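Structure, as structure tokens:
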Amino acid sequence: MTGPGRKGIRFSRLYSFSCFKSSFRDEHGQIGQKGYSRVVYCNDPDNPEQLVLRYRSNYVSTTKYNAFNFIPKSLFEQFRRVANIYFLVVACVSFSPLAPYTASSILAPLIVVIGATMGKEAVEDWRRRKQDIEANNRKVQVYDRNHNFQDTRWKKLRVGDLVKVYKDEYFPADLLLLSSSYEDGICYVETTNLDGETNLKVKHALDVTSSLQEENSFQHFKAIIKCEDPNEDLYTFVGTLYYDGQQYPLSLQQLLLRDSKLRNTEYVYGVVVFTGHETKVMQNATDPPSKRSKIERKMDKIIYLLFSMLILVSFVGSFFFGITTKNDIVDGKLKRWYLRPDRTTVFYDPKRSALAAFFHFLTGLMLYGYLIPISLYVSIEIVKVLQSIFINQDQDMYYEEMDKPAHARTSNLNEELGQVDTILSDKTGTLTCNSMDFVKCSIAGVAYGRGMTEVERALAKRKGDASDFGITSSDIQMSGDDSVASGNQLKKFFRVLALCHTAIPEVNQETGEITYEAESPDEAAFVIAARELGFEFFERTQTSISLHELDHMSGRKIDRGRARFCIYIIDTLKQVYVAAYRELSEEEFKSWEEEFLEAQTSVSADRDALVDAAADKIERDLILLGATAVEDKLQKGVPECIDKLANAGIKVWVITGDKMETAINIGYACSLLREDMQQIVITLDSSEINDLEKKGDKEAVAKASSASITNQIKEGKHQLSSSEASSVSFGLIIDGKSLSFALSENLENSFLDLAISCASVICCRSTPKQKALVTRLVKKGTGRTTLAIGDGANDVGMLQEADIGVGISGVEGMQAAMSSDFAIAQFRFLERLLLVHGHWCYRRIALMICYFFYKNIAFGFTLFWFETHASFSGQPAYNDWYMSFYNVFFTSLPVIALGVFDQDVSARLCLKYPMLYLEGVHDILFSWPRILGWMLNGILSSMIIFFFTTSSVIHQAFRQDGQVLDFEVLGVMMYTCVVWTVNCQMAISINYFTWIQHFFIWGSIAFWYAFLVMYGAISPIISTTAYQVLVEACAPSPFYWLATLLIVVSTLLPYFMYRAFQTEFNPMIHDIIQRRRLESSEEEEASVELFFQHKEKIASVKEKLREQETLLSK
């Protein structure tokens, strides 16, 4: 409700027995000491004593770089990668005589790769900077020397400034609330950006400043604030206000935090206490934990393996080079006289062969450096960014009701989405809507309501009764005759719902529609329910709340203003709301009100006790009306999603704060628990423990509790072991008190062993810290990929602890989404995020990396085989620029296309056959056997290319004039075969062709010929061995084209035969699905027959996976 009527409301009287007045506590005695030394001169920021303190400005920067440190800091980030350091060293050494090629041919690709990555960093940081610029240049009204409020940019605010903030504006800094548009200084604050909660918080100014309502009242306002130093604690504030010679204690009730929003209040006045990076929200703005995917960590090990291979090959080459060089002069005779070993440099001196071998070793480290893919990192980053764009633009993960698409907040973990083994989920707002529905109530012992809750549906299903619950009494009839007891009680019950709340009505002046701003979804549900049943709350004033009551006899609305001489109470007992009332005479109420206000305004140490005593006098002799509760219903598609994830081999754990009974029922409702499951319940709710707790012996309670949990875990393991022969699955349920003992150092491993053996796990009554601890235990204990999903600020620790954090951008705000790696609007979208995008990204990245190593090994080992035929001289087989452009132009784009577009099966089939996801869970596509297999394929390809090429051309005429093959032509022939082979290998490996992939694959091959023509046309001083080599030597020779065709086919044949054999006799899951899809003329027919015709094959695949797990665990 807006308008002048709101200003006169004293909200401190609308909150029954609420105590907003701060009192002095022990912490206030520390003012002026260490940690409590901040001094603020209110409305006097230019005070010389404050200027000496040099407080920080309100300018905020969240960028990683600035104009001065971008180049050095970004270069440091790039050269933290071992491969980049190697290429930098090689580039530096390439200026020496040891280099087998020119320095420019090494520097050019290194500069391109490093520059591209730095450019990406610069773009991302510029986006953050633009957000900072927008925030720093927002405007707020500041009280100036001319005693007027003027618009000022946020970044120019100073400590001590007096500001005025209007409704729906964000607070520009941490402010001390002085007064508001309400006479008693109440204001509503939304803290979604701070803690993720959308319910409104109530703030209250000190009585001594709440009267400062007009602008001219601040002309002579001067005060001093002494308070705590800047810290990250959002929930405490300690300070003292010195004003008019008096001291007034300050608490969190008077502090308005930066980035929270003013709601339901026309304006507030405040004094800036903390600015910029000293505000509490910025003190909490720590960098999220650095997460790396398992594939990326394994890739580092592969790089080390390739480095070892590089050193080994270089050592072998230098060893034989040393022997050959030493034998060049034997007993004064020159063996290789044409090299003139008697007149050579130290690099080929037979008398110092060991030193020459050492220098050759250094040359080999540079020559075979192409075993290390220089463009691997930048290519993966490009691919991951493009994959993230596809995730963000997926229409099937767009939630139209809230206009929220999926959002990949980081691109580092895309492939990790395809390897999730365990999901740890919050319940409220994640599995449920966090939107309360008023379904049923009990009034005077009679239950009313036709609806069936999600929990009731689960209970009915368990009992075998699928029918809807009917009402247990007749429909609610609102009788107009007050003499009828049931009718009178019904009215009073719904009046309680319409009256006992802190909601504020907002009336649309055009339509007359009333909406409510409530502190919690529960309150809103009650007010709306009362309105729907004829008790419409439409106005509140200083002393009354007004309702429109529906006269059920005439059908007309009757206005009723209810004076506060009748006390109505709603109390909460474990989420069950109890309604009661007590009628008071006017004299009785006024007498009590005087006593309560006197207690509330007391400044004595026992003020809280006086308020409690006054409240206790009136909160007695109440008449019970009834009870009700609201239900947080399940989100759409949750049971189906959990079923699909379970079929994909993913374990789902729910960690909730609900009591055990509710959690179990929700577990059945969302298909987490099933009828065929046996339950293992671990709880400390026993008579023995309860008796010990009553005695107050904490040590005995702890000892007995630990022993009880140990026994229950052992019993659970025994149940599992005794049921190994059967196919019975188990569900584990544990409460928060038990969990605190189960997570202890001596029990956590036993608990984890029990939990991971169960199909489902539910942790009840869990704290935010326990959520994070459970997540850490599963992540470190299993070594598998964990995914945590939640929607509230209490889930942030869990999201950051897990390998992947998924935030639900829902009703509880954006805190979880902002702290997550991926954000979605509904839990059901997790199915598509994992089973489709996760599977695709994992498969693409795994194949992309394996292919990268394959093509570099195939290329690098041709250099080694050539050196063995050149007396290990260190002479490269190819022109310098051939080698430099290999990873940058001739083979890089097809790999990127593979990483972005390839699909083994369609999205529909990914969802239809969730067992396909097992390939990622068990890391089949990036296992060491598969990686080593690709490496061996690269070595085999290099051998076929080199030996087939040399054997076919060296001993016969190549040109029409009878001339034999020379060094330049041999290099072009081998290089042509390499380019054709690795690109055709890509074409064989791809499952899903698009025109982009065709363009990149065949375009890369075509570009190699175009490059030969263009580079060969340049002066031989620059092009050296490439001068006119294609136009004059290779192209006119039919043998060149025929040899290329035969050698490429021969090189690809082993892999082709291996894949044919594997697909026929030992198919993977995706092979089975692909084969049936291709064999059947109708895809639907194939999908029906799939499991029947290949059931044994799929079972054998799963059995092999289990065997691999057993071997790995040993």
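Backbone N, Cα and C atoms are what each Cβ position is placed from, and that goes for glycine too.
Please treat TrEMBL annotations as automatic predictions, because they have not gone through curation.
Taken verbatim from TrEMBL:
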type	residues	note
DOMAIN	40-102	domain 'P-type ATPase N-terminal'
TRANSMEM	82-100	transmembrane segment
TRANSMEM	106-123	transmembrane segment
TRANSMEM	302-323	transmembrane segment
TRANSMEM	357-378	transmembrane segment
BINDING	Asp426, Thr428, Asp791, Asp795	Mg(2+) binding site
ACT_SITE	Asp426	active site, 4-aspartylphosphate intermediate
BINDING	Asp426, Lys427, Thr428, Glu523, Thr656, Gly657, Asp658, Arg765, Lys771, Asn794, Asp795	ATP binding site
DOMAIN	817-1067	domain 'P-type ATPase C-terminal'
TRANSMEM	845-866	transmembrane segment
TRANSMEM	881-901	transmembrane segment
TRANSMEM	931-949	transmembrane segment
TRANSMEM	969-992	transmembrane segment
TRANSMEM	999-1018	transmembrane segment
TRANSMEM	1038-1058	transmembrane segment
The one of Asp426, Asp658, Asp791, Asp795 whose CB sees the fewest other CB atoms within 10 Å, among these binding-site residues:
Asp658
Over the domain 'P-type ATPase N-terminal' (40-102), what is the model's mean pLDDT?
82
Roughly how many angstrom lie between the C-alpha atoms of Lys771 (ATP binding site) and Asp795 (Mg(2+) binding site)?
7
Can you break down the domain 'P-type ATPase N-terminal' (40-102) into helix, strand and coil residue counts using DSSP?
27 helix, 3 strand, 33 coil
Can you give me the Cα-Cα distance between Asp658 (ATP binding site) and Asp795 (Mg(2+) binding site) in Å, rounded to a whole number?
15
Segment-segment contact (the transmembrane segment (881-901); the transmembrane segment (302-323)) at 3 or more Cβ pairs under 8 Å:
no
Would you confirm whether the transmembrane segment (1038-1058) and the transmembrane segment (969-992) meet the contact rule of 3 or more C-beta pairs below 8 angstroms, pairs 6 or more apart in sequence?
yes
Per Cβ pairs under 8 Å, the stretch of 82-100, 106-123, 969-992 packing most closely against the transmembrane segment (999-1018):
969-992
If you draw a 10 Å sphere around the Cβ of Thr656 (ATP binding site), how many other Cβ atoms fall inside it, taking every protein chain shown into account?
24
If you draw a 10 Å sphere around the Cβ of Thr428 (Mg(2+) binding site), how many other Cβ atoms fall inside it, taking every protein chain shown into account?
21
Considering only Cβ pairs within less than 8 angstroms, which of the stretches 106-123, 845-866, 931-949, 969-992 has the most against the transmembrane segment (82-100)?
106-123
Counting only residues 6+ away from its ends, which parts of the chain sit with a Cβ under 8 Å from the transmembrane segment (106-123)?
64-65, 70, 74-75, 77-78, 84, 87-88, 90-91, 94, 99, 366, 374-375, 377-378, 381-382, 385, 884-885, 887-888
Cβ pairs under 8 Å only, please: of the recorded stretches 302-323, 845-866, 969-992, which one is richest in them relative to the transmembrane segment (931-949)?
845-866
If I take the alpha carbons of Asp791 (Mg(2+) binding site) and Thr656 (ATP binding site), what is the distance between them in whole Å?
12
Give the distance between the Cα atoms of Thr428 (Mg(2+) binding site) and Thr656 (ATP binding site), rounded to the nearest whole Å.
8
Neighbour count (Cβ, 10 Å) for Lys771 (ATP binding site):
27
